Ligand SMILES: Nc1nc2c(ncn2[C@@H]2O[C@H](COP(=O)(O)OP(=O)(O)OP(=O)(O)O)[C@@H](O)[C@H]2O)c(=O)[nH]1
């Protein structure tokens, strides 16, 4: 599925930048073009993969090129004063190839989270393609023991409401869930690790439907419309991901290990590998923790060498996901990788009705 990737604010631009870099590293390309919009000149300059002419500093009068330090009212004023320029900047990065526009943002900040809903509204009015949000929840509890709430928590609650309403679906990543103990999500090394974890999952999902230079055609290739139809449930979305290294069996033609060649894999081994990987993807850590029974739609993508993609096992894994989520709309697809040595499972769960962290941030915003 081909994306125009947009970064809004410091966090959003860093993540968009990582996605563009990840796209350059893989054989299946999913990025059509990219754009970075921020009020902070230093953050914009530190990007590595989004081209210079796609980086736009805005709100110089309001923020003086130094960001807004979490102040949503300054961020909103900056976005309002240059709304047309920002929309035009995204416009330049959208082409006839674009299947969807992905808007990345840190929900706790002041610039990106206030600019995104304004621009997303405009993009949805102009384009036929869906506009998806990719939002980062900050680490930490939204409410302190004494009942007080931080600016970051209140900002996040407000951003969830605004961006949720302005986009076709909002994919979330929760820093708290993925943070090692004692780490802080403001530490540059830690946030690079978080961004890597996120990028791996998001890139795997969107690259899944893209051709691998016509190598091997899957029996059931993931189509951009499958991803779009899954996201069409709307609301909150999350990704589950697991991969398992497989050992290809070898046999020797003359015994005693002479002239070893690849042997056939037996069904039981392939079925077991797909079963365990799908369970790990869905029951393991998602990008944001949700109540799995509140999912409306799901997409399960299975990647690996074609002879390991056992039809029955793949179909059983989908049925299992339907049971696990109580959803009747589970789509599926293959991502064959003839030279690969891993089974990869990507589970996209959408239309989430219950997400405890989202509820907690919304409550913090209501209280504040
Ligand atoms: N996953 C991730 N989280 C980050 C990153 N940088 C910051 N955060 C988290 O996002 C929160 C907000 O960070 P800020 O730096 O204020 O956000 P920002 O995007 O620069 O803000 P604006 O540019 O005003 O939109 C931080 O408190 C961290 O919780 C990052 O690169 N990746």
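Cβ atoms are placed via backbone N, Cα and C, with glycine included.
Note that this is a predicted model, so its numbers are computed, not measured.
Here is what TrEMBL says about this protein:
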type: DOMAIN; residues: 2-211; note: domain 'Tubulin/FtsZ GTPase'
type: BINDING; residues: 110, 111, 112, 146, 175, 195; note: GTP binding site
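A map of TrEMBL features onto the structure.
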residue	record	DSSP class
110	GTP binding site	coil
146	GTP binding site	coil
175	GTP binding site	helix
195	GTP binding site	helix
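For the binding-site residues shown (110, 112), fewest C-beta neighbours within 10 angstroms: 110.
With the fewest other Cβ atoms inside 10 Å of its Cβ, the least crowded of the binding-site residues 111, 175, 195 in this structure is 195. Comment: GTP site residues 110, 111, 112, 146, 175, 195; largest CA to CA distance 32 Å, whole number. Mean model confidence of the domain 'Tubulin/FtsZ GTPase' (2-211) amounts to 95 (pLDDT, 0 to 100 scale).
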